Amino acid sequence: MFCDKEFILILIYLFIVSHVYSNEGQFSTQKRLQYKNHVKQMFYHAYDSYLKYAYPYDELRPLTCDGYDTWGSYSLSLVDAIDTLAVLGNNTEFARVYTLIQNLDIERDINVSVFETNIRVIGGLLSAHLLAKRMNVSVNSTWPCTGPLLDLAVSLADKLLPGIPYGTVNLVWGVPIGETNITCTAGGGTFLIEFGTLSRLTGDPKYERAALKALKGLWSKRSSINLVGNHINIQTGEWTAYDCTIGSGVDSYFEYLVKGAILFRQPELIYMMNEYIKAIDAYMSDGTGWFVYANYQQGLLTLLGKLDRARETLYAYHTIWRKYGSMPEFYNLAQHDCAQGREGYPLRPEHIESIMYLSKATNDDTFLFMAADIFDAIESCCKTSCGYTSLKSVKDHHLDNRMESFFLAETIKYLYLIFDEDNFLHSNGEYATEHQTSLGSCFLDTGYVYNTEAHPIDIGSLDCCTSSFIDEKSLNKNERNLLTQEQMRWLGNLLLNQDKEELSSILKRNYSLLTCSSLTFEQRFSLYGEILT
């Protein structure tokens, strides 16, 4: 609980953030272009430094100008960065890296993180595979249902499958002897985007089923007040960490409920998220935009169409950024200070991703000023002669010696997308292209959903291989709520014609309208809001 003085201070902070930018006027087109170019230069300083000093190791150490392996010796920063090259329009380097990463060695007797390997490596491989044609890489006639990076992602997923939802798996032997039964909530619930995409592209249902089983298993273990804990024993189903949070250890579980619903047209997942939101509001919100231990909620609120609440929460978090010039891992609201031992800023992207969603959804220049704040702070506080480095403490800006791969995959990508309003990843389906396969036709570039490592998945591409997907008779009841391609096109046209009466009738029949390829960005947000009201 807050005392009156603390509550007033919080309201003052929020007032300052919400008004300081409005006094700066419009963020001009010229200024937007300048920051777009600045962010591009930031990427190449970081990327070129990785190639020069760290490759083929996983990550760059930007103070000592060398490299080291962190998550499995996959040349991780290269895999994580390839789709950012596509965002920047670098066809030549994309093609070079596309060929290079086909030779990743995944047949080694090493233990790897199931969670990190999935979101960073499998996510990166799938995204690069789906972007290959756009980037003028030669693909065969059965693409996107086949391809070398898809094959590699499948082989790696097969090695991870025995490890779901364990934390660690050996690439040769499977789950290590003595591996703990304790996993964090995010570790068990963050597979659907990658594994669902694998199933839709290959026609093999085992990947999506495994991801849904883990995700729904966590739902079944929620408390009587509809909250989940931070860690769970996967053998007994008992929670071992009872603290309820929407931050570290849990955040991407909620994220995949929302994004999985959008990508795979699963209304059941939105229902689950809605129930969680009710509980979060009741037990974890102070009513002024803050959530206890929260650091990611605002992005999801935007995707769910709850723009006013998203804006309120984002303003609250940006007060912390302006206070320190960066974002600590944890912040103690009662003490108005960083949580002890969690003062660092590892160049994380979540705050920036949330700004990107709200900027696109509202067209409000306030968020461009926020993004400029963040770029300027990183450039001045974290830049070294060979890359960008994490901060050990946001309080004194003491430098660490690590540039995590997500800085190339997420942080810079989201910053660039905020200033590049015409980027193809902002596609609303208006310029979708028809693609012919041996299975029929599908539409590409209809819209994108990002995995939790910011690897974009083309929504329309997953329809290219659906006729080779699961025979409906083999589906269980909960897996049968997927719309056919024709139904989705019909619903998209219906919404564009804004026939509210017929739309209401459809909603009552429980159709999933969560992803219509022909809907504009704004219409999609409006639709989510209607469903969730």
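Every residue, even glycine, has its Cβ placed from backbone N, Cα and C.
Keep in mind that TrEMBL annotations are predicted by a computer and have not been checked by a curator.
Database features (TrEMBL):
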ACT_SITE  E116  active site, proton donor
ACT_SITE  D251  active site
ACT_SITE  E329  active site, proton donor
ACT_SITE  E350  active site
BINDING   T452  Ca(2+) binding site
SIGNAL    1-22  signal peptide
Integer Å value for the Cα distance linking D251 (active site) with T452 (Ca(2+) binding site) is 10
Listed recorded positions E116, E329, T452; those within 10 A of E350 (active site), CA to CA, turn out to be T452
Sparsest Cβ environment (other Cβ within 10 Å) among active-site residues E116, D251, E350 belongs to E116
Rounding to whole Å, the Cα atoms of E329 (active site, proton donor) and E116 (active site, proton donor) are apart by 18
Taking only the CA atoms, the spacing between T452 (Ca(2+) binding site) and E116 (active site, proton donor), expressed in whole angstrom, is 10
Densest Cβ environment (other Cβ within 10 Å) across the recorded positions E329, T452 belongs to T452
